[in-house]
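Student: Submitted below is the structure of interest, expressed as structure tokens.
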Amino acid sequence: MKRLWQHCHAATLKGGKYSIVEDAALVTDGPLIHWIGPRAELPPGDYAERIDLGGAWLTPGLIDCHTHAVFGGNRSGEFEQRLEGVSYAEIAAAGGGIASTVRATREASEEELLASARKRLEPLLRDGVTALEIKSGYGLDLASERKMLRVIRRLGERLPATVRSTCLAAHALPPEYAGRADDYIEHICSTMLPALAGEGLVDAVDAFCEHLAFSPAQVERVFIAARELGLPVKLHAEQLSSLHGSSLAARYRALSADHLEYMTEDDARAMGEAGTVAVLLPGAFYLLRETQLPPIDALRRHGVAMAIASDLNPGTSPALSLRLMLNMACTLFRLTPEETLAGVTLHAARALGLEASHGSLEVGKLADFVAWDIERPAELAYWLGGDLPKRVIRHAEEVYRG
């Protein structure tokens with residue numbers, strides 16, 4: 001069934017630029033974009049429905065390409081402790097930090113995790129997110145990682161959004177493997193990944209390469225295991241120190257390397273040559289009061305596509321707004337509004353391996369788009385909050401109206 005969407009303007013994001021079409025029209029056929037361009041050039045057609053968008057601006061549906069949205073409990077108490085001067089190390093030594101989230105996640109039922117994640121994700125979806133990634137990594141044993149990944153798959157079946165599932169078993173060392181990191185990595189590679197991938201629960205594999213997590217050599221073992229299973233890889237890298245994890249990610253043609261505050265010029269060059277996307281996470285940078293900025297100019301010099309994500313998680317980025325991350329990326333990292341919009345559309349799609357079907361308004365791609373109550377695209381990075389979407393459309397069907 002063909003529908004005509006008209007009386008609008010469009011920022012198509014073709015090629016990662018605004019690529020603006022004034023006085024635009026868009027034709028959908030089933031779930032796909034059939035035609036888009038200036039309304040004056042609209043070819044004759046027989047449309048089952050004509051939708052007047054009232055002068056709204058259209059963009060591709062937003063994509064949140066890095067979240068940890070499934071977890072048990074929350075850590076608002078630790079937030080208060082940090083503000084009172086208690087260090088993260090002291091909190092962790094008392095059983096807090098990621099260990100507390102692991103305990104709460106292991107104890108929670110699948111239904112409890114599903115309900116809490118849906119509640120967290122609702123604000124993102126209402127604000128224009130039509131695709132997202134969710135990572136495991138708070139289970140850290142086979143049964144609990146399976147539980148998390150099952151919840152992620154169920155969210156994909158129930159939410160009006162495309163949901164990609166990433167196995168992050170190599171997120172932290174579980175307590176039962178204290179002092180035995182190599183043994184845990186072996187368990188991930190020989191037991192967890194084959195089992196979880198065999199059950200169809202995994203779209204990609206991630207790891208955390210950092211002094212407080214896993215070494216580049218240990219991460220490489222995970223990458224090799226993922227490659228043997230035919231799974232793409234991603235990496236948390238260079239958030240707190242420089243271990244050149246982003247270069248390792250590039251060597252394995254990773255979909256993305258994320259955080260990147262401490263990456264070097266050589267790391268950026270390697271990522272550019274490999275086509276690995278840099279996923280910037282300003283929410284975590286802000287909440288941790290970091291001062292080391294990711295090297296944006298180096299990423300630009302080497303042609304590295306920059307995506308932006310919420311990093312929604314209970315410890316370092318309890319962010320329920322992807323649009324707020326656009327403002328933070330402009331204000332804290334000095335990206336342009338155009339770069340940030342590309343970062344939550346086309347480049348975010350690339351970071352999930354979805355660029356053939358998502359991320360820009362082009363013929364043949366899925367008709368996932370948002371009609372915004374704005375006067376120019378830069379407003380999406382300008383306004384802090386507010387109910388800006390007039391309509392959120394997924395697969396040519398309205399899923400939210402403002």
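A Cβ is built for glycine as well, from the same backbone N, Cα and C atoms used for every other residue.
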Student: In Swiss-Prot, the residues ARG75, TYR138, GLN239, THR316 are said to bind 4-imidazolone-5-propanoate. Which of HIS34, HIS171, HIS187, HIS358 is said to bind at that same site?
Tutor: HIS171
Student: Which one, HIS7, HIS236, HIS244, is listed by Swiss-Prot in the same Zn(2+) site as HIS66, HIS68, ASP311?
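Tutor: Given HIS66, HIS68, ASP311 bind Zn(2+) in Swiss-Prot, the matching entry from HIS7, HIS236, HIS244 is HIS236.
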Student: Which one is closest to HIS171 (4-imidazolone-5-propanoate binding site) in space, judged by CA to CA distance, out of the binding-site residues HIS66, HIS236, ASP311?
Tutor: HIS236
Student: Provide, as an integer number of angstrom, the distance between the C-alpha atoms of HIS68 (Zn(2+) binding site) and TYR138 (4-imidazolone-5-propanoate binding site).
Tutor: 9
Student: Tell me, in order along the sequence, which binding-site residues from HIS66, HIS236, ASP311, GLY315 have their CA within 10 Å of ARG75 (4-imidazolone-5-propanoate binding site).
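Tutor: Within 10 Å Cα-Cα: GLY315.
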Student: What same-chain residues, at least 6 away in sequence, bring their CB to under 8 Å of the CB of GLY315 (N-formimidoyl-L-glutamate binding site)?
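Tutor: For GLY315 (N-formimidoyl-L-glutamate binding site), the qualifying residues are ARG75, GLU78, GLY97, ILE98, THR101.
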